[in-house]
């Protein structure tokens, strides 16, 4: 039942989820592209003779993973907040909070799988562009063709599972602390929070002028 409801909700809210889908697809495409480049035979040969290049490639890859983890977490949180009133209405109709949590998880997994599938061909195409950039930066006289390899696909699966487990656990922890009122009036709570933050900023600004 929850699976069907999640599928219908995802299909019905596809326009709202489009930004989320584009963000997640682009994120995993970027990770996959860099993994393909880093694990290609020609790049591995280059790395063996250029330690600085190898370290730079590794550092960029780690940085991308952390940034993308933050980005997906933020986007997931944003989409959840946008649908909080709808989810609160489900709870008023008798659906338990535990089932709401399962519904949100299933929806995110469906979208995540779709993004993962799309990321492979897009990431492969982007890896060719990355290889051209590397050729130009290092002044290599030949063109590098990056081919698909199972190591990069395996790493993408690991990154995908790790990021989604962390993001969804964080989301579930948040849902567990919320009441029906929190779901229904989440937007108003955000407005109050923004107003309080604005007042704090104004006080700090006035104090800085007085002390300055």
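All positions are counted from 1 along the displayed chain.
Including glycine, each Cβ sits where the backbone N, Cα and C put it.
Keep in mind it's a predicted model, so treat the numbers as computed, not measured.
Features of the protein shown, as given by TrEMBL:
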type: DOMAIN; residues: 60-179; note: domain 'ABC3 transporter permease C-terminal'
type: TRANSMEM; residues: 17-38; note: transmembrane segment
type: TRANSMEM; residues: 58-80; note: transmembrane segment
type: TRANSMEM; residues: 100-126; note: transmembrane segment
type: TRANSMEM; residues: 146-172; note: transmembrane segment
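Mean pLDDT for the domain 'ABC3 transporter permease C-terminal' (60-179) in the predicted structure: 84. Counting Cβ pairs closer than 8 Å to the transmembrane segment (58-80), the top stretch among 17-38, 100-126, 146-172 is 17-38. The helix, strand and coil residue counts that DSSP assigns across the domain 'ABC3 transporter permease C-terminal' (60-179) are 101 helix, 0 strand, 19 coil.
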